[in-house]
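What follows is a set of notes on a single structure, which appears directly below.
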Amino acid sequence: MKRPKLRKASKRLTCHKRYKIQKKIREHHRKVRKEAKKRGRKKPRKDPGVPGAAPFKEALLREAELRKQRLEELKRKQKLDRQKELEKRRKLDAKKSAAAIQEQTEGKESSGKSEAKKTKKALDKNAKKSFHSELEKVIETSDVVLEVLDARDPMGCRCPQLEQAITCSGGEKKLLLVLNKIDLVPKENLEKWLNYLKKEFPTVAFKSATLLKDRNMETFSRRRTRIDLSRHTESFGSGCLMKLLQEYGRTQNKAIQVGLVGFPNVGKSSIINSIKKDRVCDVGPARGVTKSMQVVRIDKHMKILDSPSIVADPTNSAVTLALRSIIHSGESCSVNVIKAVDAVLNHCNKQQVMMFYSIPDFKNTEELLSLLAQKRGMLKKGGVPDIENIAKSLLCDWTGAKISYHSEPPASQIRPPYLTEDKIAEMQRGFNLKKLEEENSSTVQALKYPSPASSIVFQSAGMTNGKIVKNKVVEEESEWEDLETSHEEEDFMETDDDQDGIEEEKEENNVKEDGRTQMTGNAELGVGQTERAHSENEIAESGLANSLPFSLDKTAGEDDAYDFNTDYV
């Protein structure tokens, strides 16, 4: 059945109604005109334009067009600025909302974690100063100190200042060497280094686990390709190290504290994680992840102390600073990073570097970095290679566990002056060295090693000087300050004496006598002040062992101040 069509309402009106509406509209317009007259507003006059008889009509019209274009451009710029401001506001609002959502999801953390974060923020302000103090705490409180060395360059990871401070401490502190990352060097090279280092200190071969997960992290079960993770998840040498430390603790009949020290990226925190078989300490490819002392309890009779990195002295060679110094993201300039990469590559064989990175021949470091950037796809806008970021990643590869390189031990055993035979015997006392050799040989046999052909030969720059005790630096500065102040006072007294002599010649005999009396007084005062300055220098030299020098204890207005009233003519 067909649906009946609905008729639309008609728009036709009666004439009476239509005329009435028109009349009302006319009245309204009249009213608006009257109000406009009362206000005194007039209609804007139209621009009459340039008259035809006016001279330079074309030039005037051009100027008017240019003015119009400028106004339009200004309007466009203002519109774009407004749009940019709006975008910025939107982004800020989005960030704030995202942060608020994240805070809500994370919730309130425990008081212990918040305190740890506060300490970390405080240490970030003066990182190097805090590193000194935290490292001193670890060395003072620990009974056994483990100096962690990178097996690829063990001599470059040794710090003579640290070794001297521990061996000459006078107490019963012991120093052990832990040769970490042994899976990155050829087997023959590792055996050579173990034979070289064991003649000075007891040495433990170690390979730490790098892919340990935190217990609190959620695990997702997904099907993935089968990967042999035995190289990264298993640690070698942890049992040997634990037995050695436990036996030493039994001989001492007390609970011992073991401190781990070393330069950045040698694997101090990863050794603790391997011993504990859990991710207890934070680890990462960046340098200086550990910024404060961290105590990890192993059992009833042992605690391990994790320490921040040793700060390398700036007087070291460019290679040692490139591999061993703490580089922060804000500090490192692109030029410095490229220089560091250049210094590292100068100590390697060029052909081996080309073979390892599988790149063609290059003239300089910048060309190598540009080739690597193109190969890895690290490009800026317009296809320009990002040299700065590729240089940073290359340095991370060399300090991390990606590149296999090795350095040869010295041909002859040259001991440092602080290591006498008595000191070596004292460091080895209390440890079972025969068992240590057997355990080291078993760990060496258990691992897979790279072939000597695939490993890059690296020329080591020797031991790395580090800044251990900060008080010594303060004392040296105070000595120089005392010497400078004493010399300045003596020079000042001599100039005053010369001026008084010139004035005496010009004056009369009576004034001369007065001047002579004043000169004698000034000379006595100058002698007294020089004597005081020399006595201060003697006190400062004799008290170098104290933490605070003599010059720092003086207040303003004492011996260093000069009394001008006694010398005024």
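Even glycines carry a Cβ here, placed using N, Cα and C.
Listed in TrEMBL for this protein:
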| type | residues | note |
| --- | --- | --- |
| COMPBIAS | 1-45 | compositional bias 'Basic residues' |
| REGION | 1-57 | region 'Disordered' |
| COMPBIAS | 72-96 | compositional bias 'Basic and acidic residues' |
| REGION | 72-127 | region 'Disordered' |
| COMPBIAS | 105-127 | compositional bias 'Basic and acidic residues' |
| DOMAIN | 132-313 | domain 'CP-type G' |
| REGION | 475-569 | region 'Disordered' |
| COMPBIAS | 476-507 | compositional bias 'Acidic residues' |
Query = Where DSSP helix means H, G or I and strand means E or B, what are the helix, strand and coil counts for the compositional bias 'Basic and acidic residues' (72-96)?
reply = 25 helix, 0 strand, 0 coil
Message = Counting by DSSP secondary structure, give me helix, strand and coil numbers for the compositional bias 'Basic residues' (1-45).
response = 25 helix, 0 strand, 20 coil
Query = In this predicted model, what is the average pLDDT of the domain 'CP-type G' (132-313)?
reply = 81
